[in-house]
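Annotated in Swiss-Prot:
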type     : residues      : note
DISULFID : Cys114-Cys198 : disulfide bond
CARBOHYD : Asn10         : N-linked glycosylation site
CARBOHYD : Asn17         : N-linked glycosylation site
LIPID    : Cys442        : S-palmitoyl cysteine
REGION   : 297-325       : region 'Disordered'
TOPO_DOM : 1-42          : topological domain 'Extracellular'
TOPO_DOM : 64-77         : topological domain 'Cytoplasmic'
TOPO_DOM : 99-117        : topological domain 'Extracellular'
TOPO_DOM : 139-156       : topological domain 'Cytoplasmic'
TOPO_DOM : 178-208       : topological domain 'Extracellular'
TOPO_DOM : 230-369       : topological domain 'Cytoplasmic'
TOPO_DOM : 391-407       : topological domain 'Extracellular'
TOPO_DOM : 429-446       : topological domain 'Cytoplasmic'
TRANSMEM : 43-63         : transmembrane segment
TRANSMEM : 78-98         : transmembrane segment
TRANSMEM : 118-138       : transmembrane segment
TRANSMEM : 157-177       : transmembrane segment
TRANSMEM : 209-229       : transmembrane segment
TRANSMEM : 370-390       : transmembrane segment
TRANSMEM : 408-428       : transmembrane segment
Amino acid sequence: MGSEIPDYYNKTLASENNTVATRNSGFPVWEDYKGSVDDLQYFLIGLYTFVSLLGFMGNLLILMAVMRKRNQKTTVNFLIGNLAFSDILVVLFCSPFTLTSVLLDQWMFGKVMCHIMPFLQCVTVLVSTLILISIAIVRYHMIKHPVSNNLTANHGYFLIATVWTLGLAICSPLPVFHSLVELQESFGSAWLSSRYLCVESWPSDSYRIAFTISLLLVQYILPLVCLTVSHTSVCRTISCGLSSQDSKLEENEMINLTLQPAKRSGPQAKLSHHPKWTYSFIRRHRRRYSKKTACVRPAPAGPALESREGRPPGKVGSMQSQPPPSNKFMPGVPTCFEVKPEENSDVPEMRVSRSIMRLRKRSRSVFYRLTVLILVFAVSWMPLHLFHVVTDFNDNLISNRHFKLVYCICHLLGMMSCCLNPILYGFLNNGIKADLMSLIHCLHVS
């Protein structure tokens, strides 16, 4: 399956055991089948050319940017470079051969290429998908274990070797079960023309359906589940970290604003420097309380200590405190009292720190980007996989006239992922983006 063309003649020649199939030239299905694409062949050529050039140039730039400073790159950047390389192979192997077979209605590249090319097409698409899973897993590991994150270049090499091994192993049946079939057109006893078709020749339909379902699971459902679970966990971890950081920064902000003297206030009282006097300002539950409170832990009572250190301050900056009488303080027991601002003083309002705003903005950016990654993968590859499943189980569901046109649309959507991956994984990566801008500047200067 993968990205190779599921030749229309697989279903019409499935019962043929010979290498030559005869078809009458007046057979209406043949003409209907050709007419679906002939009307749009120039549009398809232009669209395939645009998508191929865009995917090739975008992935080539990302690959060059990653290779410029490969000794300083992380495991994620190493995987992104391999993703760009695999997408280049997808563009080179899938677009030209598929478009040629669709427009010419025949296989022009010989028997050997009939066995090799579907295999290479399937492998490159599968490897690209498995690398997406690897990137998601590595990002999840880095977010969940930031302190113990010890991924090295050897881990990247191991992941790439595993990905290519799995791709080659899963797609290995394709070279065996592809064959070149000669299709001849005749009119009565006269032979008009002949053409060769590269078709899948499975021992039975059950083998073909089993292989299609396997590729559906490995190439689409498993990656989609992994991307969704991994990116959801990453977003949740970032959100939890942001909440704790938010509350910590708000508390520090409130303490700073409370302890900072007002500029237009009167004489300021000095805080006691006794080590056992501590001040901590807290904000109670927002739903029940709206006032600030202060908890003061006084020093142990004693005449000598009181004569040296004096009483605790009654003012903190521009804030007027009203504690209970000193004879009611109990040593070692915090006493909470209300902190009220002076009537004529300008108390700065509580404002959200710029650090919190930056963290929130970054969290939203990460959430949107990961959501787009999932949607792009799901939308771009879903039509092609559905097309393969539908045609394998019910080949009459799509009319003969529109068969190729529907396939080309599904195939182009899959190719669009190769154009969008450089943007989503490269241009939106700050490190790769900086290297890319430097590379473009060097190319422009030279």
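Each Cβ is built from the backbone N, Cα and C atoms, and glycine gets one as well.
Features recorded in Swiss-Prot, as mapped to the structure shown.
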residue	record	DSSP class
Cys114	disulfide bond	helix
Cys198	disulfide bond	strand
Cys442	S-palmitoyl cysteine	helix
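Within the set of recorded positions (Cys114, Cys198, Cys442), the lowest number of other Cβ atoms found within 10 Å of a Cβ is recorded at Cys442.
Cα-Cα distance from the residue listed as 'S-palmitoyl cysteine' to Cys198 (disulfide bond): 46 Å (rounded to the nearest whole number). Most Cβ pairs under 8 Å with the transmembrane segment (209-229) belong to 370-390, among the candidate stretches 78-98, 157-177, 370-390. Mean model confidence for the topological domain 'Cytoplasmic' (64-77) is a pLDDT of 78. In terms of DSSP helix, strand and coil, the topological domain 'Cytoplasmic' (139-156) has 10 helix, 0 strand, 8 coil.
Under DSSP, the residues of the topological domain 'Extracellular' (391-407) split into helix, strand and coil as follows: 8 helix, 0 strand, 9 coil.
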